[in-house]
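The following features are taken from Swiss-Prot:
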ACT_SITE  HIS75  active site
ACT_SITE  ASN148  active site
BINDING   HIS194, SER201, ARG203, ASN213, LYS237, TRP303, HIS305, LYS306  NADP(+) binding site
BINDING   TYR358  heme binding site
MOD_RES   ALA2  N-acetylalanine
MOD_RES   SER9  phosphoserine
MOD_RES   LYS221  N6-succinyllysine
MOD_RES   LYS306  N6-acetyllysine
MOD_RES   LYS306  N6-succinyllysine
MOD_RES   SER417  phosphoserine
MOD_RES   LYS480  N6-succinyllysine
MOD_RES   LYS480  N6-acetyllysine
MOD_RES   LYS499  N6-acetyllysine
MOD_RES   THR511  phosphothreonine
MOD_RES   SER515  phosphoserine
MOD_RES   SER517  phosphoserine
MOTIF     524-527  motif 'Microbody targeting signal'
Amino acid sequence: MADSRDPASDQMQHWKEQRAAQKADVLTTGAGNPVGDKLNVITVGPRGPLLVQDVVFTDEMAHFDRERIPERVVHAKGAGAFGYFEVTHDITKYSKAKVFEHIGKKTPIAVRFSTVAGESGSADTVRDPRGFAVKFYTEDGNWDLVGNNTPIFFIRDPILFPSFIHSQKRNPQTHLKDPDMVWDFWSLRPESLHQVSFLFSDRGIPDGHRHMNGYGSHTFKLVNANGEAVYCKFHYKTDQGIKNLSVEDAARLSQEDPDYGIRDLFNAIATGKYPSWTFYIQVMTFNQAETFPFNPFDLTKVWPHKDYPLIPVGKLVLNRNPVNYFAEVEQIAFDPSNMPPGIEASPDKMLQGRLFAYPDTHRHRLGPNYLHIPVNCPYRARVANYQRDGPMCMQDNQGGAPNYYPNSFGAPEQQPSALEHSIQYSGEVRRFNTANDDNVTQVRAFYVNVLNEEQRKRLCENIAGHLKDAQIFIQKKAVKNFTEVHPDYGSHIQALLDKYNAEKPKNAIHTFVQSGSHLAAREKANL
């Protein structure tokens, strides 16, 4: 292996060396029939037409035509790896989940890192939140902790999620990323201020995937063996140390090595530098939740660590690269509704929305039997239920067992110990407007107390450098929001915008919009 090449670059050579003592496999069709000639199609004479009987060609071409599956609507670009979670501290007083059963217990895991808004071919070094999803293969089925690298999010009501993502994606006419769309949405929804401030800070462009923290972000509920429950948040802190990329380095890498994050993770694991994260929880009792100064289920806010300290739980360690990217990373499906006994959902509205949205998009992208795909299969649990058939049913379809319940033939029975924790709710049923639920207090604390002067300066520069491409009226709305956080925050951004706006005229792509018709006025006049 050439000394100048990294393991990712030498993957093909490494594969060959591993098989050096083996004879080459016999080339076959998808049905296993040996292939005599893979380089030439069957024709009538050297210049004649192809024959339909050339099943080697049709088998190859038909499969090629169907290689791609729908891209994830968000988190399309990603890297994956496998490893284990090891318990280092006892939290059984909070949760009966088997994953936390005893100190020293190891549970296999799969992890996928990702950017959010970009397509599958986009650069790893863009300013964007990072997905940090963990699948725990437990004896009680899979637990999917579908987190990000930030403890907060842009919105607190799931009905806004499609519009939020649309604003971050491409303009429906120009098919270009549109700063007007991005900043118009953010400026109209000031609950985004906290996440926007985090995003445009130094941590907005992590140095690969190994040097960033992860967060479950949502509020969850833990239930112990006595049926006692608490609310919790999950944190996983990088043991490699936080490292971020400068704007300049990120821009350079996006051209020189757009797959920088994937390459860095693969090479680290291939050379035995296994990345790890220390796993923590925060705990809040139900009584504390009742007297908390704000909604403890609000995804745009954090729980202060001084009041709700981090409690160590264990370690996440990644020690295996994917054997095949498509099989183990592109097809992996994380679902927040996959929660074994001892871990449950809270009233967090965004979490509640994701409980439906994630399995729904997996059924669209991968098919209704996506849990049969090996990387998604809960292989450490025995799956026994009354679900049958459907496209791509890849197992024994549970044989001749009854497919209805209840029945009198000894088929799977319900497990009372798996009953969810009961809780009583009362209140008015309506659509509650949460747009103005204190959008600035924690952002102000972040700006004043967490960031130093140099970091605040870079934050304002990063925001202004992006906001400058939006229209002036949108700039004004955004600056007004930042000013409400802190006068200096708004004034520094405005000063930078004034400089940008004085240096060059605003460029705009004008489109004709008319309700109920796609025809421009001139086109209609010519009808």
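Just so you know, glycine gets a Cβ as well, placed from its N, Cα and C.
Here the features listed in Swiss-Prot are placed on the structure.
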residue : record               : DSSP (3 states)
SER9    : phosphoserine        : coil
SER201  : NADP(+) binding site : coil
ASN213  : NADP(+) binding site : coil
TRP303  : NADP(+) binding site : coil
TYR358  : heme binding site    : helix
SER417  : phosphoserine        : helix
LYS480  : N6-succinyllysine    : helix
LYS499  : N6-acetyllysine      : helix
Response to the item:
Candidates HIS75, ARG203, LYS499 (recorded positions); nearest Cα to the residue listed as 'heme binding site' turns out to be HIS75
Practice prompt. Using C-alpha atoms only, work out the spacing between HIS75 (active site) and ASN148 (active site) and round it to an integer in Å.
Written response: 10
Worksheet item: Which residue, out of the recorded positions SER9, ASN148, SER417, shows the minimum number of other Cβ atoms inside 10 Å of its Cβ in this structure?
Response: SER417
Response to the item:
Whole-number mean pLDDT, the motif 'Microbody targeting signal' (524-527), equals 44
Worksheet entry | Maximum Cα-Cα separation (Å), residues HIS194, SER201, ARG203, ASN213, LYS237, TRP303, HIS305, LYS306 listed as binding NADP(+) | 23
Worksheet item: Relative to the Cα of LYS499 (N6-acetyllysine), which of the binding-site residues ASN213, TRP303, HIS305 has the closest Cα?
Response: ASN213
Response to the item:
As a whole number of Å, the Cα atom of LYS237 (NADP(+) binding site) is distant from the Cα atom of ASN148 (active site) by 12
Fill in: Reduced DSSP assignment, LYS237 (NADP(+) binding site)
strand
Worksheet item: For LYS221 (N6-succinyllysine), what residues in its own chain, 6 or more apart in sequence, show a Cβ-Cβ distance under 8 Å?
Response: ALA229, VAL230, TYR231, CYS232, ILE343, GLU344, ALA345, SER346, HIS421
